[in-house]
Amino acid sequence: MEASIMDGRGRRCGAVSGLTTVKNPISLARLVMDKSPHSYLAFSGAEDFARQHGVETVDNEYFITEDNKGMLKLAKEADSILFDYRIPSTAFETCGAASTESPIQMNGMPISVYAPETVGCVVADTEGRCAAATSTGGLMNKKVGRIGDSPLIGAGTYAGEVCGVSCTGEGEAIIRGTLARDVAAVMEYKGLKLQEAVDFVIKERLDEGKAGLIAVSSEGEVAYGFNCNGMFRGCATEDGFMEVGIWE
């Protein structure tokens, strides 16, 4: 598992990768930001740091579910990687097209076959300070040692003076496009508003990749964008307004 967090005030950040026993990786990322001289810790070093600071750990079996074991079996049989919301049709055919228990579908498949792994959050306070955080289990059937975009500051997570951004999707595409930082960059250098900046990077920086992001500006604007069929998302304000969505 891997995670990162960033405080736009001063651009402080913390990130972790290669975790197998830390129950809440984002909590450890925050400790790296607040309690260490570094920005990024990984694998055994990150696990050691967690124990030193009393972070809650669990046996690795805690993270294994029957659903995900089944999804991994599909991915191995199809010799493919399963993304959060874009499963190759060959993988679905392998499991049989009889899984129609849910009337809600994405990409022509029952929503129940999806196994979302990435969780992100962006926030702005009343003083216009932004923060962002992202946590993930990564890709299904990924190579051992693979690190995605979620713990990479500027790729999967970024917060600065003008906005906070968290991304999800094909990590390799997000990394190549430095997607989260690019939203802030085009706001700073092109003078775009938040939604304009989000639309620009989704259109211009992903090439053939599939991804999405959520963002908030220092002025309190909320924006999102994706170039796939849907993205699970929600927002809330201090005055009680709440909204959730999947589709465009």
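The backbone N, Cα and C atoms fix where each Cβ goes, and this holds for glycine too.
Annotation source TrEMBL lists active site, nucleophile at THR118.
Per TrEMBL, the feature substrate binding site maps to ARG146, ILE147, GLY148, ASP149, THR168, GLY169, GLU170, GLY171. The Cβ of GLY171 (substrate binding site) has GLY138, LEU139, GLY148, ASP149, SER150, ALA155, GLY156 as same-chain neighbours under 8 Å, each 6 or more residues away in sequence.
Note: the Cα of ARG146 (substrate binding site) and the Cα of THR118 (active site, nucleophile) are spaced 15 Å from each other. Cα separation, THR168 (substrate binding site) to THR118 (active site, nucleophile), rounded: 6 Å.
The least crowded of the binding-site residues ASP149, GLU170, judged by other CB atoms within 10 A of its own CB, is GLU170.
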